[in-house]
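Undergrad: The structure follows.
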Amino acid sequence: MTDEIKKENAPKKLSIQRRTKTTVSGTSTTGKSKEVQVEVRKKRTVTTDLERKAQEQAKLKAKEEAEKRAAEEKLAEKAKREAEKAKAEQIKVEKAKAEQAKASKKNVDVEKEKRRAEEAELRRKADEVARQKAEEKAQKAAEEAKRYADFDDSDNDNGKLDDYSDYHLTSSYALEAENEEERRNENRGRSKNKVVKAKKGGRDDENGNKNERQSDRRNQKDVKGKGKHAKKASALQQAFTKPAQVAKADVVIGETITVAELAAKMAVKATEIIKTMMKMGEMVTINQVIDQDTAQLVAEEMGHKVILRKENELEEMVMEDRDVNAEKVHRAPVVTIMGHVDHGKTSLLDYIRKAKVAAGEAGGITQHIGAYHVETNDGKMITFLDTPGHAAFTSMRARGAKATDIVVLVVAADDGVMPQTIEAIQHAKAANAPLVVAVNKIDKPEANPDRVEQELLQHEVISEKFGGDVQFVPVSAKKGLGIDDLLEAILLQSEVLELTAVKDGMASGVVIESYLDKGRGPVATILVQSGTLNRGDIVLCGFEYGRVRAMRDENGKDIQSAGPSIPVEVLGLSGVPAAGDEATVVRDEKKAREVALYRQGKFREVKLARQQKAKLENMFSNMAEGDVAELNVIVKADVQGSVEAIVQALHELSTAEVKVKVVGSGVGGITETDATLAAASNAIMVGFNVRADATARRVIENENIDLRYYSIIYELLNEIKAAMSGMLQPEFKQEIIGLAEVRDVFRHPKFGAIAGCMVTEGLVKRNNPIRVLRDNVVIFEGELESLRRFKDDVSEVRSGMECGIGVKNYNDVKVGDQIEVFEVVEVKRAI
């Protein structure tokens, strides 16, 4: 074994190198002798005897392999003949059995089954024998081919230099054997026997053999696979059909969307949408918010299918998740007291409640909505809402009318119908609320109830006396006359209306009033309209939400629940809701918070859209108007209703020249933040029934801010008007103070034409502007250059005196002209 290894490792080639050094003498270009050393190298490669013997042995083995292959073919042919012979014998047996089956009619079915089984068994055995023989032969051929191929590969590298003919001969034998084996494997459809080349030689040979084996496996798999994994013929051709039109996806549009967002959803440029809307007659910018209908028209115009999405799906789901099929019961009427200033609304309600609250109200005006419920003598209940009587509280009175069932219109018998009385009638009609007229102050000597009925006829308030359906009840809030009759009239009207509500279930109502209490936080007065509001319920109220921590009635008493038509003060909301917001009890606090946040975001979006629209629409008009003076005001009041009413009244004071800008408003006392805002915006601070804390007062003093306190709205509006009047641009009026008639004209080398005049009216002053009149037409307007009486320069000349007048830059004075002297007077303006 060791000798064989030594033989294998013995060198197969022998290289002989020979070096010869020689010195050559020569003459350089300069004539000097020069010696040059020359080295001659010779190399000769001699092939060893071992290599020649290996080549001869390979030839012999290749010849033997060919002979063996011929013998194997003979054996295969012999096996084939044997199989055919067996098949012929099988056919004979089948024929014999068939004849036997024909002869025997009784056992036909049994014989058929037996024959089929025997046929299958014979066929299986024949196939098994043939398959085994073929596999054995193929295995032997593969092993022989593998051995010679490996030997051939190793000899190819060694015999390239000396004998090319032997190389081609040896390689052809191995290649032919390999190809023959591949053909057999392909014919049998088998992929188990793979032709693998030996790992011999360097790394390049290993990589090459590995690639060849992978290629062989892929080729055999391609031939065999004909099922779903069969590899198709690669034509290296790909086809791409260009779509006939652009694929347009569905566009989901919410209630509002910006132009940029719509362009992104439609996968087009925003300029395309702007062009489309310009064709439709709309001018928009890329960041402008458009409504759902406009976005739908634009998208459909550009060929997209639109899917409209309701953004308030969660809100609707929360609102609809309520108790159903609850039984309705009769409820107490909600009555709103309306009327003119000082006609006795609060005094009337005060007498009904048997509590003195009207005396403390400033100026006799109810400053914010109060809600009370009382019981009549027969045990029935009535809820009263008291709205302010001043015209500035229009929004509050309208809000009270929306929450009410019956309106009691209080009219003083001695005063008659007044402007606020007419407004109250209009609000009642807008709310479709029936009227009951209470003619107050009938105890006064000058009272005339019939005149009140006559005046109300002009406003379509027809009493039952004249064939109408409005009840007129004469009362006296001071002496208590007719109060029971008024309550009976209210109950009678409520029976006609058949007022009902769900008593058991989740409550809903409306916010009558709200304010921020320093100790208790946000406080909201809620009128329950249906269901029962319990302590601990989760209430969603406009932009705010919260759990009811405490409930109090109008007397400040803690209560646990409140049914329909009961007003209560609720604590526990996240913020101060707006008066008039709908209050609803919901099941889930988390969903209530989500709805409240959604409403806040929606309000901001709508507000932004309005601002952008106003900017676009008023851009050119604002440029034409120029600068408009603005009076910045910060309003703080005790309740939300007063804040809204004051802000509305201030906006109505705005004129074309001076505008009132409310930079901040809120409920509660004046804080340091309010004072800082006023200093930054140069605003007037207005406190209505509130005061500034110590920190705010310190900022106000340091910044010299104008802070004013009020308890009556008349005084507030009058002082704001005065401040606005001071901001108006003053008017200038020209007053003629003197008139002089030209009697003669003199020439002066220094002053030019000098007019000798007689002062006919008023007074002529040197420094005042003048006009030159000719035939009562102004021909020049300028100023006097000199004024002399005789030789003396004077400052003024009175009527009836003569004087010399030199007009500056004007020498065309003629006899008969009139010189009119005037002065410009500033006239203060007022709103």
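In case you wondered, yes, glycine gets a Cβ from its N, Cα and C as well.
Dumping what Swiss-Prot says about this protein:
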- 339-346, 386-390, 440-443: GTP binding site (BINDING)
- 1-11: compositional bias 'Basic and acidic residues' (COMPBIAS)
- 22-31: compositional bias 'Low complexity' (COMPBIAS)
- 49-150: compositional bias 'Basic and acidic residues' (COMPBIAS)
- 157-166: compositional bias 'Basic and acidic residues' (COMPBIAS)
- 190-200: compositional bias 'Basic residues' (COMPBIAS)
- 201-225: compositional bias 'Basic and acidic residues' (COMPBIAS)
- 330-500: domain 'tr-type G' (DOMAIN)
- 1-236: region 'Disordered' (REGION)
- 339-346: region 'G1' (REGION)
- 364-368: region 'G2' (REGION)
- 386-389: region 'G3' (REGION)
- 440-443: region 'G4' (REGION)
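Relative to the rest of the structure, where do these features sit?
TA: Here the compositional bias 'Basic and acidic residues' (49-150) is broken down by DSSP into helix, strand and coil counts: 98 helix, 0 strand, 4 coil.
In the predicted model, the domain 'tr-type G' (330-500) has a mean pLDDT of 76.
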Undergrad: With Cβ-Cβ distances below 8 Å as the criterion, list the same-chain residues six or more beyond the ends of the region 'G4' (440-443) that contact it, or say none.
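TA: Residues packing against the region 'G4' (440-443) from afar: 339, 343-344, 348, 410-415, 449, 474-479, 481-482.
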Undergrad: Taking the Cβ of ILE442 (GTP binding site) as the centre, how many other Cβ atoms fall within a 10 Å radius?
TA: 22
Undergrad: Counting only other Cβ atoms and using a 10 Å cut-off, which of the binding-site residues GLY339, LYS345 scores lowest?
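TA: Result for the binding-site residues GLY339, LYS345: minimum number of other Cβ atoms within 10 Å at GLY339.
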Undergrad: Could you tell me how many residues in the region 'G4' (440-443) are helical, how many are strand and how many are coil under DSSP?
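TA: Once the DSSP states are binned, the region 'G4' (440-443) shows 0 helix, 1 strand, 3 coil.
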Undergrad: Which number gives the other C-beta atoms within 10 angstroms of the C-beta of ASP342 (GTP binding site), all protein chains shown included?
TA: 16
